[in-house]
Amino acid sequence: RRRSTGHRFNASHSLSSPGSSKQVNRTIPIHRLANNQDVLKEPEDNQGDWISISFTMSLFTHVLACFFGIGSWVAINGMWVELPLIVPAIPEGWFLPSYLTIIIQMANIGPLFITLMHCFKPGVLDERPVIYTIVTIGIVATFLLAFFWEHSVTFGDGEHSAPLLCLSFLLSVVDCTSSVTFLPFMMRLQPRYLTSYFIGEGLSGLVPALVALIQGVGVVHCKNMSANANFSMGNSSLGHEGELQAYYQPANFSTQGFFLFLSAMMVVCLCAFVLLNLHPAVAREQKSKGYADHSQRGEIIDISKSSNCEIPEQRPMLNLRDDTLMKEQGTFGKRIYSRTEMVLIFMVLAWVNALTNAVLPSVQTYSCLPYGNQAYHLAATLSSVANPVACFIAMFAPIRSLALMGILTVTGSGFGAYIMATAVMSPCPPLINHELGAALMVMAWVLFVLCLSYVKVIIGLILRDEGHSALVWCGAVVQLGSMLGALSMFPLISVYGLFQSGQPCNTKCPK
């Protein structure tokens, strides 16, 4: 290897075979990088092979980022969809959802610790050991749930599902902490892989829902006690012929098998993280130019000469020093968005996550079940599909427009207002005796999730351009919004009983 003082030069080596005096000179172009390192350029006759290999490795990294994102919330999402099978077998009964809500909010101690460390000790905490720890805890906790979820302990005033509640708390810590560690880790990869991570994060809700659907969770049949006839659940009633009684279809496989599946998904997440962190093929996809995308911002910062180097921490968000550098560079050390715009972005982020993660999911049964079991399952499944679809669209249309963010936020909030209105009017919402009512409810849920999921991706791309510290605060605000939404809905549902649900088979409303 040779160095030159020019931008490019040719190096020739002689190749000779035994017994031959002929020498073959081969010219290999050498390019000088910005960091004064010379690298060999691939021969032109092999460029096609190199392009093919590069595409394969890029696709491989996209898949790994997606699997990594699936592990972010798959455990807690799996707990929620499995509730219809868990509740009848434990002493807490249907108080368990309320307990889970409180447990998840208590678990925000994990994100709080990470955020405070980045705020007051920037650069001290490396997220990679934290990710290894929490994902391993998730694997162990879901595996133990498969064997101990039914066990109860007698203390105080009666029996309690202590193993289930304790392990649920551990899983909540894992998933909540992932919001402030997984996203900052994605800063180590090139910007295009962030959308793949968001797709995986959306699949963390869809995959458990589809598995629960295959399992047959919550499938209800209405049986006429007098005529002994089976009907699929809808809004039909027999009036004078007799009342219908709800029968839940037995599950196709056990709850133990479902928790083992969740444990396997956490193992997949860990394997994807190990490969993203250590695999040589992924090393070339790691950023070596800092946190700014030079193709968009015209800024190149050489922070690394190897794939395993430490990425420096960005300036803390709350650093309010009035020096010249901060005035020039803005909130996160980038000259991109003003402080007012960043406050607006974080407010929208908190609002969107409060709606999608807490407020509207807590009333989904009240808004959908009056229109029938089929409408409820369609709304739950298709809205879960809408999340990764929005992220997939963003992969080909990565728009960073504050105007579009505002339009989609208002539109999605409008659909959310319609959903909330029908939940308040439950068990007799509008158009309950018309097929159009069920269709509108399913469409409202799909469009609500689609719009606000795209808003999340827009904000993620904006904050990713702002740097590592911005993504840490992104995760913290996500958890803050979700917590405020959950705490606001808990008393309305569990204490004051503002929402009422009809019986699965015998709800009668005026036509």
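Note: Cβ is positioned from N, Cα and C throughout, glycine not excepted.
Quick look at what TrEMBL annotates:
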- 11-23: compositional bias 'Polar residues' (COMPBIAS)
- 1-23: region 'Disordered' (REGION)
- 50-76: transmembrane segment (TRANSMEM)
- 96-117: transmembrane segment (TRANSMEM)
- 129-149: transmembrane segment (TRANSMEM)
- 161-185: transmembrane segment (TRANSMEM)
- 197-218: transmembrane segment (TRANSMEM)
- 258-278: transmembrane segment (TRANSMEM)
- 343-363: transmembrane segment (TRANSMEM)
- 375-395: transmembrane segment (TRANSMEM)
- 402-424: transmembrane segment (TRANSMEM)
- 436-463: transmembrane segment (TRANSMEM)
- 470-499: transmembrane segment (TRANSMEM)
Residues of the parent chain within Cβ reach of the transmembrane segment (258-278), under 8 Å, 6 or more residues beyond its termini: 61, 64-65, 67-68, 70-72, 74-75, 78, 82, 85, 128, 131-132, 135-136, 138-139, 142-143, 145-146, 149, 185, 189, 207-208, 211-212, 215
Cβ contacts the transmembrane segment (161-185)/the transmembrane segment (50-76), at least three under 8 Å, sequence gap 6 or more: yes
Recorded stretch, among 96-117, 129-149, 197-218, maximising Cβ pairs under 8 Å relative to the transmembrane segment (50-76): 197-218
Recorded stretches the transmembrane segment (470-499) and the transmembrane segment (96-117) touching, at least 3 CB pairs under 8 Å: yes
Per Cβ pairs under 8 Å, the stretch of 96-117, 129-149, 343-363, 436-463 packing most closely against the transmembrane segment (375-395): 436-463
Paired segments the transmembrane segment (343-363) and the transmembrane segment (436-463) in contact, 3+ CB pairs under 8 A: yes
